[in-house]
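Features as listed in TrEMBL:
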- A:71-261: domain 'ABC transmembrane type-1' (DOMAIN)
- A:12-31: transmembrane segment (TRANSMEM)
- A:70-95: transmembrane segment (TRANSMEM)
- A:107-133: transmembrane segment (TRANSMEM)
- A:139-156: transmembrane segment (TRANSMEM)
- A:181-203: transmembrane segment (TRANSMEM)
- A:240-261: transmembrane segment (TRANSMEM)
Amino acid sequence: MYQQKEFNKLMLYVFALIGVTISVFPFYWMFTASTLQESQIFKVPPTLVPSSNFADNLARLQDSWPIWRALFNSLLVSGITTVSTVFFSALAGYAFAKYTFKGREPLFYSVLLIMMVPTQIMLVPMFIIMMNLDWMDSYLALIIPFLVTPFGVFLMRQQMISFPNELIESAKMDGCRDFGIFFRIVLPTMKPACAALAIVTFMQQWGNFIWPLVVVSSKEMYTLPLLLSMMVQPGQIVQYGTVMVGSVIGLLPMLILFLVFQKHFVSGVFGGSVKG
Amino acid sequence: MSRTNAFALLKSKGKKSTKNKSVFNISPYLFVAPFFLIFSVFMLYPVIYSLVLSFSEWRAGETTFVGLANYRQLFGDSIFWQSLRTTGLILIVQVPVMLVLATAMASVLNSDMLKARGLFRLGFFLPALIDLVTYALVFSLIFNEGYGLINQGLSLLGIGAVPWFSDGTWAKILIIIAVTWRWTGYNAIIILSGLQTIPKELYESASIDGAGTLTSFFKITIPLLKPVLLFCGILSTIGTLQLFAEPFVLTSGGPRGETNTVILYIYEKAFSSFNFGLASAGAYVVTTIIAILAYFQIRLSRGGEV
């Protein structure tokens, strides 16, 4: 009996360690390869420990690709869309949760419907709209269509529906107007929900690939994923050392965000979705 | 206290909402206005416009109604069918394999015997942080046919190099491996949250009744996890049907179009040949497939004991 239990425990650890190794190794190899020379990356047998070539790879990357501009673009686009999505979703979500007004039901159903439709369906019409507005290859095209998300409104409504009505009523009696109630009483209690939505939105925008691929044509407007994908387009000599430096630069902001907001991360990625 | 406020308070006792019927209130409209402006221009309108486009021919800004011609052309295109088959094949293999692995992972993370569970959870979750293009790049390096780590390792074991990119079947397997790596930990964390809601007493009384670990896993854990597993199944199905970045970056749809997914097909029709009508028709077909699959999966979950 005792031996059986020890064996189970051993198997458990073996499984967990194999799983973690598989999960983490690509990250290790990405960081390591970014410090290696091209010849070291593809050596037989492979060089598995970091070397000192990171600065060299970075210099070569900077020379041929606008990597810092792409980092700036990604931060700008993700930052603005995240702040705006959280704010406007909270506003709209509050209205859907705490007011009855004419047209509320059809409006909310349209939000639910669009939330379930795959975004690729909008790709071609959006492309035509961008051409007609003359927004192609600009920040406007990258930012404006993503200022709000149906998911954000849905999440905020679900969170705010349980906010006690008594608090809103007593604030009204104290002479607080609708906007005052929202900003001073409701919004401050919604910080965890806002943080969760902010993380989900930022992550989505950070990884947004197909849209920049469609609307961006000049190198100065590249976002990070787009720039990285252009580095390996067919017909080019791929230099993996520099590509991995770019990958590290793209990953670091997410890692930092995760380490700072770890708690909100898990509740954000899953809280909104698993509740139902 | 003003009369309207007293009235509102009275009403709110009976109703959930704090609405005051006697006075028209503009505030809720102001609250939703910014959202709805963007929403209707960049989401609602494009979805409808896309449907119109799928029945039209678009040329230099002019749309002409062509009836079902786009759909006819789409269903007559063998490349479309191939992309549909490829996507379906990846879906059928990848989603079940991943859910089994994720359930196993979640059970390990939920076990009392495991120390440093937080650290293991962090490790498992890490792949969910990386964006799709970046991880596809890392995988293209690791699985490089000539000198990638995987093929070097396989040669050491005497198996020999695997044609990950030049053979259609292996290229599909490569995409399945990559997608599974990216999403298993994510699903494991969702399943873990489901596991943690199962009361420990159930297992205790089962073990008193003489049930072994495996028996209670299949008789208690799996049935109680069903809603969570179905939720993961639906999310993964939707995600796999929209597969784009991985085949685009990793295999460019190759070799010979054998890893061409439906979204890649639509993308190429739209932005390489600028056949907007055909691309829109394709997008609506994919949306319909997603809707049908999601409907059946939800019905399946309602039909179960839960």
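Glycine residues also receive a Cβ, built from the backbone N, Cα and C atoms like all the rest.
Same-chain residues lying 6 or more positions outside the transmembrane segment (A:107-133) and placing a CB less than 8 Å from one of its CB atoms are 96, 140-141, 145, 150-151, 153-154, 157, 210-211, 214-215. When Cβ-Cβ distances below 8 Å are used as the criterion, the transmembrane segment (A:12-31) is approached by residues 50, 244, 247-248, 251 of the same chain, each at least six residues removed from its ends. With a threshold of 8 Å between CB atoms, the same-chain residues lying at least 6 positions outside the transmembrane segment (A:139-156) that come near it are 73, 76-77, 80-81, 84-86, 88-90, 92-94, 96-97, 111-112, 114-115, 126, 130, 133, 190, 193, 196-197, 200-201, 204-205, 208, 211-212, 215-216, 221, 223, 272.
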